[in-house]
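K.L.:
Please read through the structure below; I'll follow up with questions.
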Amino acid sequence: MPAIKDWPEDERPREKLLHRGAEALSDAELLALILRSGDAASGHSALDQGRLLIQQFDTLRQMATATTSELQAIKGIGPAKAAELQAVFELARRFGRNPLRPGDRYTSPQAVFAHFHERLRDHKRERFIALLLDSKNRLLREVGISEGSLTASIVHPRDVFAPVVRESAAAVLFVHNHPSGDPSPSREDLDITQRLREVGELMGVRVLDHIIIGDEGYVSLADRGVL
């Protein structure tokens, strides 16, 4: 197989990222950029090495918690590459533990997922959080609304919008986790989101999104057309 440098430019992971953004790359392509080189002994490219890592570990989370010895068990992964992988995953964990700060601007569901994934993914109960935003989508305050099964009796519009009024927020964004690990919205999720949207409209407060966090991904109800 030809080396990555000999591929058509629009197929090379680095050029693809520069032209289309990191979101356009597969997990294997992102890993290839971290690894930078393949295994000369086997003739594997960096992309091949990325695919081998994905085959060995069922999920990125398992890969992120692997020891250097476990990473080096993959052909072509030596101490240097194992250390680079662990450094990247540790940075991701530290980023995920950093709370959003007042003044931080809401930019995308992906950014919210990146901030809350590490905090919420291991919780055994559902946590419902409201992010209160100003007219420029900058964070005013993060408010914990409830903990437990998500039902209308636990997430009441009065409890949600009282801090919105106190902070004079122009918009609000909701985040909650699914302990099952599957971020697919339940009927209750959809019903509560619709109810909160209607109350927000009456109060002149924009409900920007409701983002559900799972083990390996998220669902944005705004992207789904619910909001």
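A Cβ is built for glycine as well, from the same backbone N, Cα and C atoms used for every other residue.
From Swiss-Prot, here are the annotated features:
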{"type": "BINDING", "residues": "H176, H178, D189", "note": "Zn(2+) binding site"}
{"type": "DOMAIN", "residues": "105-227", "note": "domain 'MPN'"}
{"type": "MOTIF", "residues": "176-189", "note": "motif 'JAMM motif'"}
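In terms of burial and nearby residues, how do these features look in this structure?
P.N.:
Taken residue by residue with DSSP, H178 (Zn(2+) binding site) is part of neither helix nor strand, so it is coil. All chains included, 22 other C-beta atoms sit within 10 angstroms of the C-beta of H178 (Zn(2+) binding site).
Per-residue pLDDT, averaged along the domain 'MPN' (105-227), amounts to 89 for this model.
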K.L.:
Mind checking how the domain 'MPN' (105-227) divides into helix, strand and coil residues in DSSP?
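P.N.:
So the domain 'MPN' (105-227) is made up of 39 helix, 36 strand, 48 coil.
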